[in-house]
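*Asks:* Dropping a structure here in C-alpha cells format, bear with me for questions.
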Amino acid sequence: MPHHPEPAFMTPSTALFGHSATDWGIVAVFAVVYLGMFLGGLPRLKLDRSGVALLGAIAVIALAGLPVEDAARAVDLPTIVLLFAFMVVSAQMRLGGFYAEVTRRVGAMPLSRPGLLAALIAVAGALSAVFSNDIICLAMTPVVARLCLQRGLNPLPFLIGLACAANIGSAATLIGNPQNMLIGSVLQLPFGGYVRQALPPVVLSLGLLWLWLAYGPGARTGAGEPRRPADMALLPAASPEEEPAFDRWQTTKGLAVATALMGIFLFTDWPRDVAALVGAGVLLLSRRLHSSHVMGFVDWPLLLLFIGLFVVNHAFETTGLAAQAVAWMSSQGVHLADPGPLLVLGVALSNLVSNVPAVMLLLPHLGANASEAGVMLALVSTFAGNLLLVGSIANLIVADLAAKQGIGINWRQHALTGIPVTVATLAVVWGWMRWAG
C-alpha cells in the first residue's frame, strides 16, 4: 500500500483549498463506498459490500482518468495471493470433513459442561489461528448445535462461545483472518515475531471468554428454554454439504500442507504468498476432488472487496486529504500510532465499516514504529469483531446456521457476552502491549 509523506501543518480551513474538482469527486466516491461498508450495501440497490467496492473502484478510475495498470499497482498482490491460497487450504480441510470430525470427537469426550465448553473454545481458537475463522464457524456450527441438543445442554453459550473463540483465536497468527494477512503483508511483519507478541493476549482472552460463559452471566444466556434430545426429531436432517463425510486421506493431505506452510513461515524467509500458493497448487493436484469443487469454496466476493478497496483507498490517498487530516490530528496531540487512539479508532471503525476496510484506512498512517502499531491494530481490529452480533462475519454465520437448527441468537443475547468479553480482551491487549513494549 503506497505511503505518502505527511505535508506540513495546515489548518483545516486552508487544507480544503487547492484541491481540484477531481479530488472532491474522489472524496465523494470514497464517502459513498464507506457508507456502503457501514450499511452493508446501498439503499434501493442490490449491492453488497463487494459490489459497492467494485463500483467505487470503477468510479475513481473513470474520474481520475487512472490507467488500469496504475489501478492494478494499487492492489497489494501478495495479500490477495495469500488470502486466495489459504481459502484453498481451508476448502480442502472442509471437504475432507476435518472440522466436523474434530467437533464430533470433542463432543464424544466424557466432559462436564465447563470442560466441554473449554474444549470447544480451545479447538475453535486453535483451528482459527491456522485456517479461516469464517470457515471454522461454517463447518462447526451445525455440529455444535446438534451436540448440545443431543446432550440436553443450553446451546447459546456454546454457539456464542464458538463465534467469539474463532474471532479471538484468529488473531494469534498472520494467517488467521483477512485483516491480519493484510497487515502482515503490507508491513512485512515477521511471522514468528508476531506470534510471540500476539499469542499471550490471545490465550488469556480465550480463558476470559471461557470463564464468562462457564461461570459468569454468559452461562445463563437463553437458559429459559433449553432444548432436549426429544426435540431432535423436529430438526431438519444435516445435509452432506453442511457436514462432509470424514475423508482420512484428504484430511491428511491438507494437514500436511498446512503444517509444512507453518514451518516455512516460522523458520524460513520464503515469501509467505509464494509458499502458500505452492501449497494450494499441491492440494489442487487430486484424483478425487475436482478443482472446480474446491474453487467453489473460495470466497471470490471477499477477494473482490479487497481489490476494490485497494483502488478506492489509493485514489483517496493521492488527493492528500487523508495525510492533511492526520497531520492536523498530530498537531492536536492525537497520533494514530499511539496505543490509545489506535485502540479507540480500531474498535470504532471495525464496528462501523467492518474490520478489513477499517484496517485499510488506518494502515498508511501508523508512523515510524509501524511494526508495533501493526500488532496492536491486528489484535484490536479482530477482538472488536466480538462487540456486536454484526461486528464480524463469523458471528453472522453462527447466528444464521443456528437459526436453521431452530436456535435463535438475537443481538441482545450476543451482547450479554460480546460487550463484556470485548471490553475485557481489549484491556488485556492494552495491558500486554504496554508491558511488552
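Note that Cβ sites are derived from N, Cα and C of the backbone, with glycine treated the same way.
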*Asks:* Which range, 73-91, 415-433, does TrEMBL list as transmembrane segment?
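*Replies:* Of the candidate stretches, TrEMBL labels 415-433 as transmembrane segment.
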*Asks:* For the transmembrane segment (198-215), what are the same-chain contacts with Cβ under 8 Å, counting residues 6+ beyond its ends?
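*Replies:* Result: 113-114, 117-118, 121-122, 125, 129, 157, 160-161, 164-165, 168-169, 171-173, 221, 375, 378-379, 383, 417, 420-421, 424-425, 428-429, 432-433.
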*Asks:* Short question: which residues 6 or more past the ends of the transmembrane segment (415-433) have a Cβ under 8 Å from it?
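*Replies:* Sequence-remote neighbours of the transmembrane segment (415-433) are 157, 160-161, 164, 168, 200-201, 204-205, 208-209, 212-213, 216-218, 221, 339, 343, 347, 372, 375-376, 379-380, 383-384, 386-389, 391, 395.
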*Asks:* Decide whether the stretches the transmembrane segment (114-136) and the transmembrane segment (375-403) have at least 3 CB pairs under 8 angstroms, with pairs required to be 6 or more apart in sequence.
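*Replies:* The transmembrane segment (375-403) and the transmembrane segment (114-136): touching, yes.
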*Asks:* Which residues of the chain, 6 or more past the ends of the transmembrane segment (342-363), have a CB below 8 A from one of its CBs?
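*Replies:* Apart from its flanks, the transmembrane segment (342-363) reaches 1, 34, 37-38, 49, 177-179, 182-183, 186-187, 305-306, 309-310, 313, 336, 373-374, 376-377, 380-382, 384-385, 387-388, 391-392, 422, 426, 429-430.
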